[in-house]
Structures are given as structure tokens and as C-alpha cells.
Amino acid sequence: MNWFINGGILETKAGLLGDGGKMWLKCLEKVSGNSCKIHHLYYQYIGSKRIRKTWWRKLLFAWIVGWITVSVWLFWYMSSQAFEKRKETLASMCDERARMLQDQFNVSMNHVQAMSILISTFHHGKNPSAIDQRTFARYTERTAFERPLTSGVAYAVRVIHSEREQFENQQGWTIKRMDTFEQSPVQKDDNVAKALEPSPIQEEYAPVIFAQDTVAHVVSLDMLSGTEDRENVLRARASGKGVLTAPFRLLKTNRLGVILTFAVYKTDLPSNAMPNERIQATDGYLGGIFDIESLVEKLLQQLASKQTILVNVYDITHQSHPISMYGSNVSDDGLEHVSALNFGDPFRKHEMRCRFKQKPPWPWLAITTSIGILVIALLIGYIFHATMNRIAKVEDDFHEMMELKKRAEAADVAKSQFLATVSHEIRTPMNGVLGMLHMLMDTELDATQQDYVRTAQDSGKALVSLINEVLDQAKIESGKIELEAMQFDLRAIMDEVLALFSGKAHEKGVELAVYVSDGVPEMLIGDPGRFRQIITNLMGNSIKFTKKGHIFLTVHLVAEVMDSIDVETESSSRNTLSGLPVADRCRSWVGFKTFNPEGSSHTLSPSSSDLINLIVSVEDTGEGIPLEAQPRVFTPFMQVDPSISRKYGGTGIGLSISKCLVGLMNGDIGFVSIPDIGSTFTFTAVFGNGCSNSNESELQKQRLKTQTNTLSSKFQGMTALVVDPKPVRAKVSRYQIQRLGIHVELVLDLNQGLSSISNENKVVNMVFIEQEVWDKDSSISALFVNKLQNIDLEVSPKLFLLGNSLSSSRTNTATSGVYTPSVITKPLKASMLAASLQRAMGGNMGNPCNGEHPSLSLRKLLVGRKMLIVDDNKVNLMVAAAALKKYGADVVCADSGQKAIKLLKPPHKFDACFMDIQMPEMDGFEATRRIRDMESNWHIPILAMTADVIQATSEECQRCGMDGYVSKPFEAEQLYQEVSRFLQPTSSANL
């Protein structure tokens, strides 16, 4: 880190005029700014170093203990949830088995009850009986599948004591005693009943007369002689429902079972009979023997999960002594669930108890989750510990960083001072050089001397331009460049750009043209100087690298381009300015935020009236940019090839500056280039609508409007015919001619033009013929002139040739006879067109307002005005005085701020003051402050006159009370723009 910062400082010091030093300085500012924030938060929330260490260690310990507690609680919670889920699963499985067991028992019980009704109907209800032992045995055997849970069915008839002897004689056997049968061991012999004792004498008997073959050994046994059976039989006949016995060992199988007993009543017994009525109506008793163990085994075999849990069935009629009916108590799991069973006998109570066979598994989810959370908490604690150590390290480095920041700020101040000094020290002598050369041009010089002076002037201006570019780049890097907001005429700026590059275009034989859409307002609000600088940079590059073809500058509204309404030149050879192929300009704005519906906030709607979004394209047919060099086009000080700088000159920062200025104008810039075809650069910019700005000076509005109307009023109502087969070139010609108020019609060739002129319904005042059409066939041109002379017209139209080369046009027109057309050399400009039309059409139609626009306008403003020039440099005083005297001003010079204060003490007769900023003893800022302090109801315009063009200087000029800013060396246009804000043309200027 120390190496990085120190390296940045060294780079900053070593590269005061380069971009490397500024880049390092920005990095240092970001790092130091972040360090300040960390330092502030560090002390705000943590405190001093001693308290801080104790505090964060206690916090770390509390953090670890707290999360250990949370992990333990989470383990307990998840384990309990798993236990509850296991418990719910056991309850669900146990309730399911109990329900199935109860349902199957009820099915068998219903079948036994149905048999009791069958016996009542066909045995007791018929005489003789339709049922005997054989029939009963066969029937019960065949219907055994309907009673899968019963091991046998038997029927005992009710016999009173008085009928016993008769009954025994009918049956052929004696009623046997049940209790002795129950006490005997299990017998395998079916004839064991024969050896039993007869039933003792009692009021009534219930001997078994019918029995299923599986229980045939119970025939002749008296059910009322057994204690358990007697109780069940009596309850069954009194209640009319099935009753169960306590579990007992079944004969033969020795398995636990129960007997379900139903009373058989007479058929005429009502359903709501009382117990006494039921006893009196009883004919016998039907019993079904249930094998409980077999019943549960069959049930479990029907379930896929029968091996998962253990099932136990209990008779809990006596809660203190429950009787196990099925199952074992062997299990490793202490979890148990009890499900109630209802077999239809309210006296007997049963239940099913279920447990899992295996022990519960380890709660791995709870273990891993709690351990994982604990590990994460420990990692966070470790990160916190490392962060605190890092913050402590940052604190130790903070003071060193602050010291480095101070050194970097000092270096930045030194750089700004160095740039200001360099700017002043270079531009001050250059002002003298260029001023003297300008004064020298006003003397009597021969042609050779004038050529030498022009060369020196061009070299000096090139040096000033280079200095301006370097200073602009420095201001961009420091972020101190700002835009002005003033009203300007965009079309006038386009004319100035054409005038600037028309000479080079003629030398190279390149066609130069400008087209501004009719939708663009006449006046805009913005920074005209920076807008002109962008276009000049792009046009300069095009002129530099284009040897043939054309350079075409177009300006449209973004809304027009988005709506695709007659705005773009197609890339075909037929529809370009010169006929040569060009790069498709639509590809140059790919990625522009303006064309993205979700783009930036400065995207404008077409209906906006306060803001104007322009799109400007510069199209050329030059060498193009190699593909490998295109990514670094906007990089400062980068050339496509080192040889280009030696061949064409330049620093390689023009496009970089242009990109920054476009960004300040809320726009985008892009390009498309094809080697050996050409390049198209496009940018967008947002301006205010000068036509709707109510706050703008009415004087300036009126002046600009008067200049425009002066051009158009002289030719208002005239009609012109343009003969050009190329639509784009014809559109450019129409645009420039229409600016003079002339109605323009377009035709493709001379024949169509002759037909249009011959039309009696319209008057054509002038015909503009493209040189290419005129030179194509001299015989056709001569024929056109002859026919034109033969047409009976009140006023013959004037002929004009539009050519790129004046000498070639004159040569080719010599064959046209006496009707020789006038030649207008491209590029077309409204002022030049007006002058040419005036000369050709005769008469004094007034002086053109453009042509020498800055000089003539300055003379109108300055003639007879008394001006004070304050500068400590005698050469600058001489140059500035000569420049102002040239325009008719009365000039007084002062070489110090003290003298200026004395001269400007109210009252005085000065109209304006030009004051240098950097002067010994008292600079221009202090002198202006004192002058403003002396003024009460008096105010003289004071314009800063300095070679220091740093933005900070311009801001200081405004703070101290200066009214404007003029940079050295003087330019007529800049002088006019500043002076016209305060002075109006004098009446003597029109004499």
C-alpha cells in the first residue's frame, strides 16, 4: 500500500501535464477518502484504542457463548420435533390397525347375528323344524368364509326343568355339565363329552343341539352350568345384543379366544321389548367362537408395514388385572400408543397397545444443523476478529495516508499553478507575435512578404491551438471544465466551420457540405464555443485523412432520426454526396443511450419544447481507421500509427476532448469506419430552445433576427431551379438557397429544367446547375442555353454553376457562348450565395451582413467608443490598442492596476475596460474589486484580458466583479461576442 501511494505521488509530480499523474492522483483521493470514512466510523462506534480492545474481546466471547447456547437449544428443539413426529407416526399406525381389527370383528359379529335370526325362523318358527344337526353343520361349513374370524358356531336351545326328560329322550343323549368340562385338561378325543357328568337339576337348561363340525364336541353341554357362560347367556337374553366372554383357552387349539353370544327370540317379539319380555320370549342361544390370535395375525399380514411395530391386544374389563389377548412385551423402544377397541359389548372393554420394534435413530439432522450453525457462528466470530485487527492496522496507517494526501493535494495545487503559469507565459508572447503579424498585414507588403506573414500567422495559430488542446485535456483530467449557457445561431456556426475548412478542401479537391434539418430551431441555448470545438475536431480529422470524395456534416433532431423521416444518407454509391461509398452511419450510434427506451435520464421525448436533442454526423470518404486501432480512438495522445503524427501532425487528443465535451452536453459519441471506404463520426448533444427562452436578452435576439432577415428579405419571393441528379447533393443546395428566402425546386437533368422553366404558371428567377451536369456534355449544355434564349420570357433566369473548382468551371463554361453562367464555388454558404446573387443579378441590393461579419459588426460597435486597456506588458498594450483602434475605437492605455483605478474613478467617459489579470503590485482581480467598491450608481463593463485560460481563473473573474472574459491573443469574433453584450451600434457607424 505504501509503495502504491508513494508511486502515485511520484507519478503525479513527474507528469504534471500528462494523464498518468492525474490518474494516480484520483486513485489516491479515492483510497484516502475511504480511509477517512473508516477512521470516522472506527472512532464513532468503537472508541479509544485501550477501551476498544477490551470491548471487542468481550463482545467476541459473548458471541461465541451465545451461539453455543443457540446451537444446544436448536438441537433440543429439532430432537423434540423428531420425537413428536415419531409419536404421531406410531399413533397413526396403531389407530389404523385398531380400526381394521374392529371392522373385521363387526363383520363376523353381523353374520353370527344373522344366523340367530335364521334359526329363529326355520327351527322354532316351523313345525317340524327345518334344521337338524347335519343341516346346521353343512350350512355353517359352507358359510365359514363369511366368518373368517370365527373358529366355530354352536346353538343351545332353552329347556326348562319340566321338559328335560322329554328333551333328552328326543335327542338320545343326556344334558352334560359344563363346569366339569372346563376343569378337565385339553382332550384330543371328540367323544370326551360322553364321559362328563349330567347337568345338575336347575330351573332351566341351555344344552347345545347344533354345532359346527369344528366344535361338535360341545353338543349336549349345558351352557348354563358353567359360571362364565351362564353369566354371558343371561346378559345376552336380557339385553338383546351380543355379549363377549373373558379371554380363555380354546379347546383343542389351546389358543386364546372369546365367545360371542346372541339370544334367539320368538319371531313375534317387538323391537322395543323390555328385559322381562325378552327373557320370556327366549328360545335359545347362538354362540360364535373367535380365535383372537388368528384374527390379529391375519390383520397384520394385510399391512405392508406389519414388521415396523409390535401390536398387543388387552381385555381391560378389570383395570387392575388386564388380560393379554395377543402379542408380547419384548421391545427396545419405550414409546407406546394405546388405541381403544369396541367389539359391541359395553360390559367388556378392550384396547390395542403399539410400540416400535427398533430403537429411535440418532437425530442426525438436529446434530448436523446445530453443529453447522455453530461452525458458521464461529467463522463469523473469526471474521469479526480479523476485521477488528484489520481496522487496527488501518488506524496505524491512517496518519501516514493523511500525510500522503496532503502531499498529493499540494502536488495538485502545484500542477494547477504550473498550468496557469505556462498558459500565461506562452500565450502572452504569442499574443504579441500574432498581434504584430496582424498589424504587419495592414502595411504595404509585396506578395512574397504577405505569404511569409500568412505562414507565420498560421504557425502561430497552430501553436495556440496546440496549447489550447493540452490545457483542455488538463482541465478535463482535473474535472474543472464547465460549459457556458448562452444563445447562439447553430447555422451560423456551421457556416464558420465551412469557411474554416473550405481552403483545404479546395486544395485537395474534396467536396465539403453542410446540411441542417428544418426541424432544428434557429436559436439554441448552450456553449457555442465548445460545440464548435467538437465539430472542428471531427471535421479537421476528416480533412486530414480524406484525399478524394466528400466530407458531409449533417445536423438533425434525434426525434427525426428515431422516426426515420428523410434524415439519413443511404450508403449506396448512387445516393451519397460525391457518389463514393461511405460507412453506414446508423452503425455509428449503436449503443447510444438516447436511442435506448430504458436509457439515461436525458433521453428526450419528441414533444419537448424546452430542450432540443441534436444528432450530428460527420461523414467522409477518407482512409478509414484500421480495425485493430478502432478501440483506442478516444484514448488521449494515441495515434493510429506513429507515422501519422509525422505525416499529418496533431497530438491525438482532439477526439478525447470531444468525447468529454459531448458527455458534458448530456450526449454520446460513436463512430463507424471501414478501411479504404471512410469513416462516420456521430454525436448527440442536448441544448435549450433559444426560441422559447424568455430570460434571454431581447437585444441579442433582435440583433440575430435582424441579421437573418437581412439575408432573406433581399430575395424573398424568388424561385430557383436546382439541376442535380444526386438527391443528397441537391438537398444540400436547396437547404443553403432556401436560407435566403428563395423557393427551390429540384430536377434531375437539363431537359426537366427546361420544361419547368417553360411552364407559364410560374416564374423561375435563377437556375443552379451542378458542374457535373454542365460538364457532362457541352453540346447538351449549349443546346440548353439556346433553347433558354428562344423561350419568350419577360425576365430570363440567371444561370449559376455550382462547382468545386473555380478555374475548371471557368474553363468549361467558355464554350457556352455569350450566355455564360456565373460560377459559385462550393462549399455553399448563405452569405457567399447572397453576395454572388447580388453581383450576378445587378443593382446594389445592400451590403451582405456576413462576408466580413465580425469585422464590420465590430466597427459598428466600437467606432467612437472610448476604451481603457490595462496591461503591464508594453507589447500586449500595443497589440490590443492597435486591434481596437482598427475598428475605430478611441484607446487609452494604462500599465498598472493603480493607474486604472485613478482613470476609472467616477465620473469618467470610458465605455469599457479591458484589464489584464496577472500584473505586478496589484493584479486585475484586486483592481476590479476596488473599482467596484468606488462605483455606486455607476457601472463600467470590465472584460478580463489574459492568457490564463484555466477554468478557475474564469470563476475568479466573475467573483471579483468582472463582466466578461477575453483570452489572448484577440480574435475578432470573440471580441464581438463579448462587447456586443454591453454596447449597441453607434449612429456614426452607418454614415
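Placed from the backbone N, Cα and C atoms, the Cβ positions cover glycine too.
Quantities reported herein were computed from a predicted structural model and do not represent experimental measurements.
What TrEMBL records for 127-353 is domain 'CHASE'. Here TrEMBL flags 421-689 as domain 'Histidine kinase'. What TrEMBL records for 719-841, 866-983 is domain 'Response regulatory'. Residues or ranges marked as 4-aspartylphosphate by TrEMBL: Asp916. Here TrEMBL flags 59-78, 362-384 as transmembrane segment.
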Surrounding CB atoms that lie within 10 Å of the CB of Asp916 (4-aspartylphosphate), all protein chains: 29
Secondary structure content, the domain 'Response regulatory' (866-983) (per DSSP, counts of residues): 49 helix, 23 strand, 46 coil
Helix-strand-coil residue split for the domain 'Response regulatory' (719-841), DSSP-based: 63 helix, 25 strand, 35 coil
Sequence-remote partners of the transmembrane segment (59-78) [C-beta within less than 8 Å, at least six residues beyond its ends]: 363, 365-367, 369-371, 373-374, 377-378, 380-381, 384-385
